[in-house]
Amino acid sequence: MTMIFGVPVAVFMGQLMLGLINGAFYALLSLGLAVIFGLLKIVNFAHGAMYMLGAFATLLGMQYLGIGYWAALLLAPLVVGALGMVIERLLLRRIGHLDHLYGLLLTFGLALIFEGSLVNVFGVSGARYPTPEALQGGLQLGFMFLPTYRAWVLVAALVVCLGTWYVIERTRLGAYLRAGTENPALMQAFGVNVPQLITLTYGFGVALAAFAGVLAAPLYPVSPTMGSNLLIVVFAVVVIGGMGSILGAVLTGLGMGLIEGLTKVYYPEAANTVIFLVMILVLMLRPAGLFGKEA
Amino acid sequence: MNQLAEQTGVTHYRDHDGAEMLRVSDLHAFYGESHILHGVDFEVRRGELVTLLGRNGAGRSTTLKSIMNMVGRRTGSIMINGNETLDVKPHRIPRLGVGYCPEERGIFASLDVEENLLLPPTVRSGGMSIDDIYAMFPNLYERRRSQGTRLSGGEQQMLAMARILRTGARLLLLDEITEGLAPVIVQALGEVLVKLKERGMTIVLVEQNFRFAAPLADRHYVMEHGRIIEEISAAELPSRREHLHSLLGV
């Protein structure tokens with residue numbers, strides 16, 4: 001059997017693939033955080049809860065309304081995104097003029113409320129969501145076995161990330177977003193409804209988290225705490241990539257997933273901490289993050 | 001997405017057919033607790049170029065910002081094109097055909113020159129085409145792919161003005177456009193203002209550089225301590241130049 005540094009190729013590639021899948025989730029979530037932070041300057045601690053709500057919406061939609069996976073892929077982000085817009089409109093907007101720390105506290109509180117309420121109803125053990133029929137099975141690539149669903153997650157996450165990057169960097173709406181991030185008052189003086197832009201941006205960032213939640217539902221147990229477990233790592237990813245950088249969030253997300261996967265192969269004990277080690281290193285050497293601009 | 005920029009809501013603004021473009025009456029403005037404007041009164045007729053002169057801190061920039069609803073609180077009256085705008089939200093004011101060029105220019109670093117130029121949404125029909133604008137500002141065409149803030153000060157100023165010409169605004173509020181620029185650029189800006197007047201634009205110019213403003217303007221308002229203290233027409237200017245200099249402390 002072919003070996004790579006003393007590890008069978010299949011094992012090596014398998015872990016790399018797992019790392020890449022995790023990385024895709026990191027990328028989707030940190031992308032949403034970066035988009036939200038850019039315009040609202042709020043560190044959205046409710047992001048994990050929104051991811052979890054996306055997964056729950058998928059699960060409950062199937063159980064109670066008979067909504068299938070593909071419909072959920074569209075509907076769950078819409079529903080959770082709408083919830084996000086309501087949260088922005090009713091809560092976040094009221095504290096927009098205060099120190100950004102209040103936004104962090106408020107969203108953290110919201111996350112606890114969402115989590116706690118769902119724990120009350122469903123418990124913490126979590127439920128399984130079946131892999132959609134069309135994506136069952138896998139491909140034998142010769143050097144490794146690739147489950148179809150995982151390949152799909154990777155492709156879907158990358159397409160959404162690139163699409164988001166394209167919209168923000170290459171379109172007029174994106175130019176509004178970037179300009180609004182820099183100088184919201186002047187954007188208003190040009191006739192752009194900035195408060196509305198902020199609501200839509202928050203809704204969109206949250207919808208990205210919910211989309212990740214739908215993708216995650218067939219992979220991981222759907223439980224009220226699934227978001228908070230992931231969010232800590234995602235914040236480390238955001239710190240490494242640099243707050244507010246779109247492409248940085250995506251690349252760092254994927255990269256950190258890979259590093260995690262590689263660590264699992266060679267030194268499994270450190271797999272859960274390696275991202276935080278990288279974070280410490282980056283903070284020491286480049287405090288603004290790999291892709292962040294020095295203030 | 002264009003809804004964001006283009007919805008004007010239920011209010012339908014009308015074009016006043018009279019000669020008056022802007023009338024500010026008893027305008028008071030506040031930033032938090034500080035009371036900046038203490039009853040500003042002036043009017044600008046259609047097609048006029050009017051300056052707001054005065055020393056630093058006299059309230060000239062705040063007057064422009066108040067018209068754009070960018071200050072904390074305002075009382076009094078601001079009629080734009082026959083519409084009372086004191087209760088109009090900031091993003092609706094440009095829809096009345098107002099273009100604002102801030103003192104700090106406000107070029108966006110995350111956008112290239114052309115993106116900066118195309119950024120302000122069209123507020124009315126009849127704006128200048130992008131080709132017309134590039135013809136008026138050839139430097140901007142050459143540097144259209146550069147990052148907005150990589151431009152020289154003069155080019156940034158050109159860009160800050162050019163981008164509001166595209167939107168169809170008919171009333172331009174220009175804040176200290178010559179500040180810190182080389183004489184040759186200042187002269188070019190003067191030529192641009194003459195062309196804009198020929199196109200029928202109404203212009204309110206906040207200026208420190210009186211020698212720049214004098215030959216261009218139809219009338220001058222002098223501000224001090226948040227009030228208009230003097231109005232001088234272009235015809236009166238030669239006889240009152242000494243007086244004006246003493247007011248401005250130049």
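Cβ coordinates come from backbone N, Cα and C, glycine included.
Curation does not apply to TrEMBL; its annotations are automatic.
What TrEMBL records for A:12-37 (among others) is transmembrane segment. Long-range contacts of the transmembrane segment (A:12-37) within the same chain: residues 4, 43-44, 47-48, 50-51, 143-146, 150, 153-154, 157-158, 160-161, 164, 168, 177, 201-202, 204-209, 211-212, 215-216, 219, 230-231, 233-235, 237-238, 241, 243-246, 248-262, 264-265, each at least 6 residues beyond the stretch ends and with a Cβ under 8 Å from a Cβ of the stretch.
Sequence annotations record features per position, and here TrEMBL assigns transmembrane segment to A:73-92 (among others).
The feature transmembrane segment is assigned by TrEMBL to A:104-129 (among others).
The transmembrane segment feature in TrEMBL is assigned to A:149-168 (among others).
When Cβ-Cβ distances below 8 Å are used as the criterion, the transmembrane segment (A:197-220) is approached by residues 21, 24-25, 28-29, 31-33, 35-36, 38-40, 44, 46-48, 50-59, 69, 72-73, 76-85, 87-89, 92-93, 96, 126, 129-132, 135, 149-150, 153, 156-157, 160, 164, 176-177, 180, 187, 226-227 of the same chain, each at least six residues removed from its ends. The transmembrane segment annotation in TrEMBL covers A:197-220 (among others).
The transmembrane segment feature in TrEMBL is assigned to A:232-254 (among others). Panel annotation: around the transmembrane segment (A:232-254), residues 20, 23-31, 33-35, 37-38, 43, 47-48, 161-162, 164-165, 168-169, 181, 275-276, 278-279, 282-283, 288-293 of the same chain, lying at least six beyond its termini, place a Cβ under 8 Å from a Cβ of the stretch.
Residues or ranges marked as transmembrane segment by TrEMBL: A:266-285 (among others).
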